[in-house]
């Protein structure tokens, strides 16, 4: 790309890049792809980005807050007597949590491919689905019902995060993505963790509503809020930028030209046909590294998020409401910390550095938890673990998304990293087993080891990316273009010799 004397960015489109890429065409009502701007006015672009930030970030943060609250409310319900009321014993709760995450993993990639094919309305249906299931959980009477509810909750929640990342990646340039994903993905769980604890403590103080009492009030109110929000989303959830009703025709053209400007192979906003070859090619070394790290980090962060109320209770003689309130401060601190780190990553144009120094914080936190039984010291360690862990998740997903192309691979990668990464949450429900209470030494040692492994994997991945980029700069991958047709060249994506990995 180049700039005109007036400062406008020119999107240079070769004959190959203008070629039809053999895919399902955009809907007839959205002719934007064939009318892309060839010049990008910096001032108009700044106005568009500001508008997108004010619309997408609050909306996506709210969606992920609902997702996270409904997923983890079972932890607050446990403290409020869920196990006793449903006749649960021993590891019954761990089994229920494991069932949820198994179906969460199963749903993730298929859900994102459905989203790519049918559009953003699918996201609204997912939100309505897990809202209704959460609401219905208020009327459970036995353990079998809990297991059934966790199966359907996993299927509906599985595609939410990956869908949000995929949609937002269609609106922002690669260098802009990390800050935006950091805000809704990093701040969302932090706000949800704080708000969930406050809401749970407030609901437990309310009078009983017939048969709806104690933990049932948590599921009822939180599920009702999510369901209503999901219904509203049917009318306001943003579509693909080529046909978004939130943007004017000129803004749509600019939005698509912006994304095209940052791509090695220009697609003019069109999506290639989904094929098994592209899906399988998505699982390259970088995707594998980010996914493995997400698994290990999820083992730490999700386990601690889920069982933090129980951990706090084991450290003192607190009432149920006091336990809920003490879960709030670590999440508030992490909300601020994750935005700072997303900004730092965007400024440095590096993803691996914030991951590394934040993993060090988590390692220190677990080392403190293992080495002492002092209640206040262990509670302080929770701040380090949650703050450091909240940065790693969005940073890993962004790192993988930055290095995924074309569009099918981006849809798969944005689903694979958090989706397969949910296996870490399955591991987490067993690292904090009831038999390990009240110190949870085994769980903390397991997470200390997992985070140490993340440090090593991220370091090696960064070294590989630096080596691969140097090789491409020397022309070491140019042979990939030999004998390829125009269509085959356009499907190369991240394997194109001119593509440079984000480190």
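Glycine too: its Cβ is placed from the backbone N, Cα and C atoms.
Whatever TrEMBL says is automated annotation, not expert-curated.
Positions annotated as transmembrane segment by TrEMBL: 54-74, 86-107, 119-141, 147-168, 177-198, 218-237, 283-308, 328-348, 355-372, 378-399, 411-433, 445-467. Annotated domain 'Major facilitator superfamily (MFS) profile' per TrEMBL: 56-470, in sequence order.
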Contact check, the transmembrane segment (147-168) vs the transmembrane segment (54-74), 3+ Cβ pairs under 8 Å, seq sep 6+: yes
Intrachain residues whose Cβ lies under 8 Å of the transmembrane segment (218-237), provided they are six or more past its termini: 59, 62-63, 66, 69-70, 73, 76-77, 80, 120-121, 123-138, 196, 199-200, 203-204, 209, 212
Considering the transmembrane segment (328-348), which listed stretch of 86-107, 177-198, 355-372, 378-399 counts the most C-beta pairs under 8 Å: 177-198
PLDDT averaged over the residues of the domain 'Major facilitator superfamily (MFS) profile' (56-470): 88
Among 119-141, 177-198, 283-308, 378-399, 411-433, stretch most in contact with the transmembrane segment (86-107) (C-beta, under 8 angstroms): 411-433
Close approaches to the transmembrane segment (177-198) from elsewhere in its chain (Cβ under 8 angstroms; 6 or more beyond its ends): 53, 56-57, 60-61, 63-69, 72-73, 76, 161, 164-165, 168-169, 222, 305, 308-309, 324-332, 334-335, 338-339, 341-343, 345-346, 351, 386, 390-391, 393-395, 397-398, 401-402
Chain residues in Cβ proximity to the transmembrane segment (283-308) (below 8 Å; excluding those fewer than six residues from its ends, i.e. six or more beyond): 72, 74-75, 97, 189, 193, 327, 330, 355, 359, 362, 366, 382, 385-386, 389-390, 392-393, 396-397, 399-400, 403-404, 412-413, 416-418, 420-425, 427-429, 431-432, 440, 443, 446-447, 450-451, 453-454, 457-458, 460-461, 464-465, 494, 501
Positions whose Cβ lies under 8 angstroms from the transmembrane segment (411-433), at least six residues beyond its ends: 91, 93-94, 97-98, 101-102, 104-105, 107-109, 111-113, 115-116, 158-159, 161-163, 165-166, 169, 274, 278-279, 282-283, 287, 290-291, 294-300, 302-304, 306-307, 310-311, 393, 396-397, 400-401, 404, 440, 442-443, 446-447
Chain residues in Cβ proximity to the transmembrane segment (445-467) (below 8 Å; excluding those fewer than six residues from its ends, i.e. six or more beyond): 285-286, 289-290, 292-293, 296-297, 299-300, 303-304, 352, 355-356, 359-360, 362-363, 366-367, 370, 385, 392, 403, 427, 431, 501-503
